[in-house]
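Swiss-Prot lists 1-22 with the feature signal peptide. What Swiss-Prot records for 30-108 is domain 'Inhibitor I9', and it gives sequence analysis as the kind of evidence. Marked as domain 'Peptidase S8' by Swiss-Prot: 140-656. Positions annotated as active site, charge relay system by Swiss-Prot, on the basis of sequence analysis: 169, 244, 589. Annotation comment: Swiss-Prot describes 202, 725 as N-linked glycosylation site, evidence class sequence analysis. Under the heading domain 'PA', Swiss-Prot lists 409-504.
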């Protein structure tokens, strides 16, 4: 009887679940349907009709087809975005001419979140000596000479005047002084864009600096529902409510603004973009997630970003900067940024994108497509330092932005020891809201742990303040991880986890432990490596195709001072009410616009250079050493390798005259795509019967996975600069990876005119090598090769793994 009853229950559940499962398979989601490149034989309205016919072929009614459509792109990008069931998407994928169909996902992308331009040699006015207490600068060369070279470069590049930089991000705060158009000339005649109005944004917010602005929210609203200003904490317009877009825009092309600083006067100085006279076109495609804290999350949809790319191309931008990337790896045909960038590059628009903030783990980088300039993050020679002093005389130098002062030494306690009754010690250890007992915290310094997913660091400081504390020591969860250095509400010292043991030992073995936290100071040339790769910067190998070495380059991304949104606080935390005009932020999001600004300058100097030529110039002239002429270090003090820094740290002034460039056309990228199985991107291009390997794309670096025996790699260089009227003779040199013999045929290249091309082979051969420890067979090893004529050094990174 029990068995019969069990069968009855099972059948009942089955009958209930079958319709439910069936309904799930019919659930609509937004998909992007991509057709590759246009054939060129259809008018705009014919392309739209063509798209509609495909959509209607899987829809039951005309009304359903029309209502499901979000975007229909026909100017540069060939495709549409629509609500589809999984079955409808699958049917479309099988149709002729459809290149890819992929699902939109709000969790797919995330935003990758002064002194920095001086650091790379671009300073407009006469520079200071940067001497401290009369001591000579510790650099091994004349800093002012570097600034003179930088000023000449800026003058020759006309500060980017005439170049239009498109920024796909969270919008712009147009009232910022960084976007003032005073003294700027007429808008370039090549500009075809618009100034789209919306909430708190009208046509008067565009000017001769912000020459255009648009916003894209159809994908966002289709997923989250109609826009609700209170829940969304955003503006349905190009106006920036986050700060990220304004920050990246002003870093790339902001005007020179004197006397700016972060909260408390930290980083006081001049804020300026790299190309201060370049024009800005804003494409807002990223938004706050409803009812979520801005510091914790944001979202950008494929369909919205592809629409932004399509408009930017049609509007006439010269450069696109996009500090956004996927959370998880995706193939090129499932990555809206890769697709949009390929169409941009076809029209010689240079695209720079951030590498991501998921380092230091391997295979974490975003934007790995070879037609994108992928930018990692380095530190600066400027630090914000506070001092933590314990009662036993022990002193810690601490990262800090807090300028608040303690009156004197105060009792020191560990957060779990001052917990509110009934609250877990873990919550107290993380200094979560209402976890600390005012009776035991009042007048004391509290040691808290940072944790992950445990609330904002600003919130921890507020909890200490709520409980009456006078200072906070915030310890990281693991050594060498990056700190978000923020301006807290109580005097705060940030320490690594290795320091915690020393502090706890003092607390528990001292009768009355005390601590004193000194306010933060701005320090230049601190006694630690500058120009190093920061731990959050994402790393190779390139999981989409290991034949392409990424990132391409690194640029400053730590504590960058730039414009901010007046609708957001310093920390992006809703409990933080402090509003400011300029803010410090860190991430590869900040590195990317540095390179975008440099690209704008190079575009101004060399308007006929292709996107690939500009990338090559930046990569092959990058610096191998830091300011002390020592190899650039990784976050842990070890020498950084190309998986972390690509071709190393960018030097815009050197990139202006690279000598030789590795050029690549749109056709070159299509041929490369054949090697990764993408054979139908362009109906006018057919893959050859013998497809060359991916490492033969004419790229300024070389990556060979699984080298066995001998591999020959082919490259072509183009002469873009000569010394005088004489013939230029370039000689090959190499530092080969361990266990690999590297030689070039020919090993001398002779050029007698600008524009001349020379082809050469580089032959890689494995040698007898003992693989032990870190040099196991599955490990990559690194090197470089160069061509030099005595004036130019054209250097390329090498990454090889042996089998």
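All residue numbers here begin at 1 and follow the chain in the order shown.
The backbone N, Cα and C atoms fix where each Cβ goes, and this holds for glycine too.
Worth saying up front: this structure is predicted, and the values here are computed from it rather than measured.
Structure with Swiss-Prot features highlighted.
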{"residue": "169", "record": "active site, charge relay system", "Cβ within 10 Å": "29"}
{"residue": "202", "record": "N-linked glycosylation site", "Cβ within 10 Å": "13"}
{"residue": "244", "record": "active site, charge relay system", "Cβ within 10 Å": "28"}
{"residue": "589", "record": "active site, charge relay system", "Cβ within 10 Å": "31"}
Report, in whole Å, the straight Cα-to-Cα distance of residue 589 (active site, charge relay system) from residue 244 (active site, charge relay system).
8
Average pLDDT across the domain 'Peptidase S8' (140-656), rounded to a whole number:
89
When the domain 'Inhibitor I9' (30-108) is classified with DSSP, how many of its residues are helical, how many are strand and how many are coil?
30 helix, 20 strand, 29 coil
Between residue 202 (N-linked glycosylation site) and residue 589 (active site, charge relay system), find the distance joining the two CA atoms and give it rounded to the nearest Å.
27
Can you see whether DSSP assigns residue 244 (active site, charge relay system) to helix, strand or coil?
helix
Could you tell me the C-alpha distance between residue 169 (active site, charge relay system) and residue 589 (active site, charge relay system) in angstrom, no decimals?
10
Quick check: in three-state DSSP terms, what is residue 169 (active site, charge relay system)?
strand
Counting by DSSP, what is the helix, strand and coil composition of the domain 'PA' (409-504)?
31 helix, 21 strand, 44 coil
In terms of DSSP three-state secondary structure, what is the assignment for residue 202 (N-linked glycosylation site)?
coil
